[in-house]
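What TrEMBL lists as domain 'ABC transmembrane type-1' is B:107-322. The transmembrane segment feature in TrEMBL is assigned to B:12-31, B:109-134, B:146-167, B:204-223, B:262-284, B:304-323.
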C-alpha cells in the first residue's frame, strides 16, 4: 500500500512532523451473542518520534484495546481492522497488520515493546528473573552475554541491585521491584517505542512517583518514544508532551498537554478535569460526571457522549461530530467546543500541574 | 521453616501414625486382631486355653505383642519390632513364615506395577489435557473430553475383568503375547535377561492398563481446565508479546504452571491406585503386597493382614514424599514457606 | 503542587479482581445477588419463616435451576434420579406396595420386579435380550438379573447417603474450623487431614471390615469413606482461607457478626459447589469400593444387597470367566456401576464448569468480561 497516500491534512493538523507510529481508522470488534461489540471505533492517532504521549480514559473506554492494537495483539476472537504503520528510524515504513507471524514476532519487543496492565503477574512464577531475561535475548537471537550486561545496567539504572534481582523469583520481589524489573525487561532489546498500559496502577503513590521519574530518565538515556496509557489524568499530565482522551472507544480530543489542561474543548474532557481530585482544590469543587460509560454493544447514536453532556442538542443526537480544530495542534470531536468552555468552567487552575514538568 | 524438612518430618510423622493405628487395631479395639487370633488359636488347639504361657508365646510370635502386657508395654514392644522390620509370623497363609519375608518378595512387584501405572497415567493425562486446552472447542477437544468422561466412569476392576477376558485370554495375533495371570512367564528366573524384562513388562501391562485407562480421564480434564486458565494468565500473554517460541511457552509457561495446582489431586490419585492394587492383584493373580493382603483376609491371617497394611501405607507415604521433592523443584514459591497455589 | 488520588475517583479505578467478582456474581446469579447485599441490614425485620424460605431458595432452588441449565448436570441428575427411583420402587415393593409391577403390566411390559430367588424363572442361564419377561437374562439358579439389579439398589443408596453425609459433615466441620480459627487448631486439624489423605483408603477399609464384620449399609458406607473426607477438607480449608480475606466477610466481621454467622451466611454458600462435587465423588467412591469388596468376597452377604454380590457369584461360583458364553453374568451387573458412576461424574463435571471460573472456556470468558470491562481479558495473542 502506498503510505504517502494515507497522509491526510488531518495528520498535519495534529501537529506531528516526524511520526513513529501512525494509526488510521483502527477498529476492533467482537462478535457476541447479544450483538457486535465495537471496542475500538475509528481511532486515528499519530505518535511523534521521541515524545511521551498520554492516553487517558476511564475504565472500559477501550484504551487497553488501543495498546494491544498497536502491537497487533488483540485477543481472540476480536477482529482488528484499519492500518497501523511503524516508521523505523532508518528504513521503509512497516505495515504492522500485514506482517507475517515471524516478522511480527521480531517487531514485538525489538522495535515496539510493551509494559502492560497486571505487571504484578507478568512474570512466570516458576522462573527466575534471570531466566526471563535470558530467554528473551535467546528468542530474538541477541548475544546473551552482551544482553545480560545491558540487563544488569538497566536494572542498576532503575536503582535495583541487579545481581540479587536477577537471582530472585517473582514472588520474592516487592510490587515496585517487580514493576521496575518488568520495565527493564521491556527495554532490554533496545526498542524504539515503549507502550505502557497502566504501568503504575497497582502501586502505591510514592512508588508511582518514583517509577515516573525513572521512566523519564530512561527515556532520555535510551532515546525512547513512550505511549503512556492510564485512567489517572493528573499522573499522565505531569509526564506527557501530548494527551489523547478516550471516551466510549473513540479518541475524542487530542492536543498538547498544556493546551488540554487549560483549554479543553470537549465537554467530557472538561468534566473529567473537574472530576479529578486535587490537593489544592477544595473537595466541594469536585464534580463527578453524571451517568455511566456506554456498553460497547450499545453505544449511543450520534455523539456517544450526548446522554451525559450538558451542552448537547439535537444535532449531537443525529450526527457523530468530526474533529473540530481548536488550535493548530489541538482537536476535539464536538460541535460545541466554544459553548463548552462557557458552560463547564474549570473549577481549578490545572496549569499548576505543569510546574512540576522539567 | 524449610519446606523440605517440614514435608520429610510430616512423612515420618505419618509413618508413626500408621504404625500406631495398626497397633490400635491389633490391640485396643473391642474387636481387635489379638482377640481374633486368640480365639482362632484356641479353636485350633483347645489345650491352649489352659496353657496360658504357650498361648502368650504364640500370640507374641505372630502379632509382636504379649497379650498380658500393659498397653504401654505392648505399644513399646510393637513399635520396636516394627522398626526392626519384624512384622510377625503368619498362621493362615504359608503358615509359620515371617510376614516380612513374604512381603519382601512381593513389594518390588507391586512397586513395579504401580510405577508403570502412575507414570503412564500422568504422562497420558497431562499431555492430553494440555493439548485439549490448546485446541479448545475443536473436534479433538470435544471427542477427547467425551471419551475421558466415559473412561473415568468405568471402575478399574471392571476394566480389568474385560481386559482379562478379551485380551488376556485371547489368542488373537499379538494379543496372545499379553498374559492375564501371574508376575512372570513360567520358568523365567529373576535376572537381567531379555526373557525376564520382557516377561515382567508383559505381565504388568494389563494391570497397569486397567489403572491408566480408567484413571487418566478426570486428571486430563483437570489438566485441561488448568491449562485453559494458565493460557489466560498475564505472563503467558507477555511471553507471547516478548516473541518467545511457542514450544517454550507450552512447556515452560503453560505446562509447568498448570500442573502445580493439580498436586493434591495427584496425591489422591496415587492413593486410590495403591488401594486398588489390592483388588487388581487378586484379579490378575499377581503376587504383590495387595494380593497377600486379600489372601490373608480370606485365611483370617491377622499378622499378614496387618503387615501388608503397614507396608502398603508406608510405600504410599514414600511415594508422596517423592512427589513432594519433585514439587519443591517445580515450584520455587514453596521453599520460602509460602505454599503458593499448591493446595 | 501535588495531585492525589482519593477514594472519590473510584469511577476511574480499574477492577483488577475481575475473576473473583465474576465468580461470586455467577454463584449468586438469578437473584441471589441483591439479597446478599442487603442481608445484614434487613435481617432484623425478617421473620423465621421468611428466613427459612430464603435459605431454601438460596441453597436449593437456585443451585438446582443453575444446574439444570448445563447439559452435563442435567444428564447427571437424570441418571442419579433414576438410581434413586429404582431404590424407592424396590423399597416399596419389599414392603408390599407393588404398584410398580401394576404400572409395568398396565403399559404392557412383560417384566415384573420380584425378589431374586432360585427358580424365579423357568429357564437357567438365559442370555440378555432374549426374553421380554427376563430382559437381562437369568443366572445359574434361574434368578432374574434385572430384578437382582433393582433389588440391590436400596442398600447401595443407604450406603451412598451415609457416606455422602459423613464425608460432607466431617470435611466441612474440619475445613471451616481450621480455616477460620487458625493457630494451633489449624495445625492439628490439617496435619490430621494430611495423614488421612496419605493413608490409602482401600487397605484401611479392608482391615477394618475384616475386624468388624458388619452388614449394616449405613455403617458400611461410613467405613468405606473413612478417609474420603480429607480431600474435601483440604479444598474447603483453602477456600475459607481465601474467602475470609474477601471484603464482604471483612465487612460482616467489622459489623459484629459472630463467627458462626459469618460461616453460615458468607462462607458456606460459596462452598456449596465444592461440597456438591465432593458429595458425588464420595458417592462414586463408595459404590466403587463396595462393589469391589463384595465382588472379591471381602464383605460377606446374604441375599443380593449389592451389584458386587452378583459379580461375586458370577466370578466365584458360576464360572463367568472360564465357561464360554457366561461372561454376561459379569457384564450385566457391571453395566449399572458404570452408568451410575457416569451420572455422578457428569454431574460433578457440570457443576465444576458452572461454578468454577477456572474451567470455563476462555472464549466464553473473553466475550463475557468484554462487555463488562475490556481490561480484564487476557486471552491468547495470535
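Placed from the backbone N, Cα and C atoms, the Cβ positions cover glycine too.
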Beyond a gap of at least 6 residues from its ends, the CB atoms lying under 8 Å from the transmembrane segment (B:204-223) belong to 112-113, 116-118, 120-122, 124-126, 128-130, 132-133, 144-145, 147-152, 154-160, 163-164, 167-168, 178-180, 183, 258-259, 262, 265-266, 269, 272-273, 276, 280-281, 284, 286
Candidate ranges B:12-31, B:146-167, B:262-284, B:304-323 - greatest C-beta contact count to the transmembrane segment (B:109-134) (under 8 angstroms): B:262-284
Beyond the flanks of the transmembrane segment (B:262-284) by at least 6 residues, Cβ under 8 Å: 110, 113-114, 117-118, 121-122, 156-157, 160-161, 164, 180-182, 206-207, 210-211, 215, 219, 222-223, 226, 290-291, 293-294, 312, 315-316, 319-320, 323, 327, 342-343
Report, as numbers and ranges, every residue of the chain located at least six residues beyond the transmembrane segment (B:146-167) whose Cβ falls under 8 Å of a Cβ in that stretch; write 'none' if there are none. 128, 175, 178, 180, 206-207, 209-211, 213-218, 220-221, 276, 279-280, 283-284
